[in-house]
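*Asks:* Dropping the structure in here first, questions after.
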Amino acid sequence: MVSATLVGLQSLPGLVILYGSIVKKKWAVNSAFMALYAFAAVWICWVTWAYNMSFGDKLVPFWALPATTHLYHNGTVETAMSTPYLPMASVVYFQCSFAAITVVLLAGSLLGRMNIKAWMAFVPLWLTFSYTVGAFSLWGGGFLFQWGVIDYSGGYVIHLSSGIAGLTAAYWVGPRTASDRERFPPNNVLLVLAGAGLLWMGWAGFNGGAPYAANIDASMAVLNTHVCAATSLLMWTTLDVVFFKKPSVIGAVQGMMTGLVCITPGAGLVQGWAAMVMGILSGSIPWFTMMVVHRRWSFLQNIDDTLGVFHTHAVAGFLGGAATGLFAEPVLCALFLPVTHSRGGVYGSVGGVQLLKQVVGAGFVVAWNAVVTTAICAVIRFVVPLRMSEDQLKIGDDEVHGEEAYALWGDGETLALTRHGPNSELESQRPRVPTGVTQNV
């Protein structure tokens, strides 16, 4: 319950604060509200039907209506059904916090232009037809679970799926306005750090709670999470300094995020040295795809992924899954995984097969999310437009919600001293109040 609450705090208030502050001022309310709505909507869907579809009895090999008994090919039991000593309500609570943050992360690709009514329809549809399939296939006893694909705490179920679905939905929704794409300054960098801090610390519950027990895997998962995130942040910042000559706060947050995502598929299954290696990879490869590949590949240029969720979650999630296929330690695997003798490629024996399993598992998650997200967007746009109206896109929060985040000047731009300083033209035109007269403001 504590771990579930920590994961919940990552979404509310963590990502609500981060989204509301990392965007242009005119989109602060809308961005925060998209996260808030998704968090609330998932709860009702989850307890009504989505939990049973993710962790109930098998309906088809990738969907349920816990089928976690693992069988040998001849049908005999290899590992009995997972039966944690927890009330069912606690398990439902824990898994709901994971489902909620997945949809909230997906929203990061769509900020600044998606019709809020379309978003309200998208959330329950995507949860039902996309998230539940990944959760059952990898965690609830589906075919990828039975085959032995490793996803310790959601590198595929949560991050790869949200990154691919976010990119796909961004394609169908369309881009922000040209002016917003050209200039989209954060309206409060310090609050970005506050939201990022809640994400980082909350990840202890994200990965620490996955074994459903306070054991060695949980302890290793929490330690590895912080080691990988710190290494990745430092690696990303180093690359920013080397190539752009100055460190970026937003870049550091991106590096933190990719490290947290990368370690998630194998957090409790790898040694500390492997967590550092994964941090180096997650701080450099997603940096390269975001800063170099994205700018040179016309396909990605034509898709407006507002916060780069494809790079920070899809690329980093796949990277973490592949790295787990290499570095998963046999003893730690035996404590957590249902498939006996599981191990990463560097440990020999059948380890080389594990990397293949990880790649194939990722391929299924990518394909399913791309197809289902496309279908959902196609259905919704027959009912309501996916993109906001031109007036809404031009004005922002005040037109969409009738509310504004701050009673401050500008859209996050710095005031020009030549126009607003004590000797500026505007100051010289201000009416002067006679000495001794109090001015009412």
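One-based numbering along the chain as shown.
Using N, Cα and C of the backbone, Cβ positions are placed for all residues, glycine too.
Straight from TrEMBL, here's the annotation block:
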{"type": "DOMAIN", "residues": "2-406", "note": "domain 'Ammonium transporter AmtB-like'"}
{"type": "REGION", "residues": "422-441", "note": "region 'Disordered'"}
{"type": "TRANSMEM", "residues": "6-22", "note": "transmembrane segment"}
{"type": "TRANSMEM", "residues": "34-51", "note": "transmembrane segment"}
{"type": "TRANSMEM", "residues": "91-111", "note": "transmembrane segment"}
{"type": "TRANSMEM", "residues": "123-150", "note": "transmembrane segment"}
{"type": "TRANSMEM", "residues": "156-174", "note": "transmembrane segment"}
{"type": "TRANSMEM", "residues": "186-206", "note": "transmembrane segment"}
{"type": "TRANSMEM", "residues": "218-237", "note": "transmembrane segment"}
{"type": "TRANSMEM", "residues": "249-267", "note": "transmembrane segment"}
{"type": "TRANSMEM", "residues": "273-293", "note": "transmembrane segment"}
{"type": "TRANSMEM", "residues": "314-339", "note": "transmembrane segment"}
{"type": "TRANSMEM", "residues": "359-384", "note": "transmembrane segment"}
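Help me picture these features in the structure, burial and contacts included.
*Replies:* Listed by sequence, the residues of this chain that lie at least six past the ends of the transmembrane segment (6-22) yet keep a Cβ under 8 A from its Cβ atoms are 28-29, 31-32, 34-36, 39, 94, 97-98, 100-101, 104-105, 107-108, 111, 186-192, 194-196, 198-199, 201-206, 209, 250, 253, 307, 405.
Note on the transmembrane segment (34-51): residues 8, 11-12, 15-16, 19, 92, 95-96, 99-100, 103-104, 107, 110-111, 114, 116, 119-120, 123-124, 127-128, 131-132 of its chain, located 6 or more positions outside it, place their CB under 8 angstroms from a CB of the stretch.
Within the chain, the transmembrane segment (156-174) has long-range Cβ neighbours (under 8 A, six or more residues past its boundaries) at 98, 101-103, 105-110, 113-114, 118, 122, 126, 130-131, 134-135, 138-139, 149, 261, 264-265, 303-306, 309-318, 320-321, 361-362, 365-366, 369-370, 372-374, 377-378, 381, 386-387.
Nonlocal intrachain contacts for the transmembrane segment (218-237), taken as residues 6+ away from its ends with a CB within less than 8 angstroms of a stretch CB, comprise 152-153, 200, 203-204, 206-211, 247-248, 251-252, 254-256, 258-260, 262-264, 267-272, 274-276, 278-280, 282-284, 287, 332.
Within the chain carrying the transmembrane segment (249-267), a Cβ under 8 angstroms from the stretch's Cβ atoms is held by residues 18, 22, 150-156, 158-159, 186, 189, 192-193, 196, 199-200, 203, 206-207, 210, 220-222, 224-225, 228-237, 240, 274-275, 278-279, 281-283, 286-287, 290, 308, 311-313, 315-317, 319-321, 323-324, 327-328, 358, all 6 or more beyond its ends.
Outside the transmembrane segment (359-384) by six or more residues, the chain places 62, 115, 117-118, 121-122, 125-126, 129-130, 133-134, 137-138, 144, 147, 149, 151, 156-157, 160-161, 164-165, 168-169, 172-173, 314, 318, 321-322, 325 with a CB less than 8 A from a CB of the stretch.
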*Asks:* Using a Cβ cut-off under 8 Å, which residues of the same chain at least 6 positions beyond either end of the transmembrane segment (314-339) come close to it?
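*Replies:* Sequence-distant neighbours of the transmembrane segment (314-339): 68, 70, 78-79, 82, 145, 148, 150-152, 155-156, 158-160, 162-164, 166-167, 211, 215-217, 220, 257-259, 261-266, 268-271, 274, 277-278, 281-282, 285-286, 289, 345-347, 351, 354-359, 361-362, 366.
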*Asks:* What else in the chain is close to the transmembrane segment (91-111), if you only count residues 6 or more beyond its ends and a Cβ gap under 8 Å?
*Replies:* 1, 3-5, 7-8, 10-11, 15, 19, 23, 27, 30-31, 34-35, 38-39, 41-43, 46-47, 50-51, 54-55, 84, 119, 123, 126-127, 131, 135, 154, 157-159, 161-163, 165-167, 169-170, 173, 206, 209, 212, 305-307, 309-310, 313
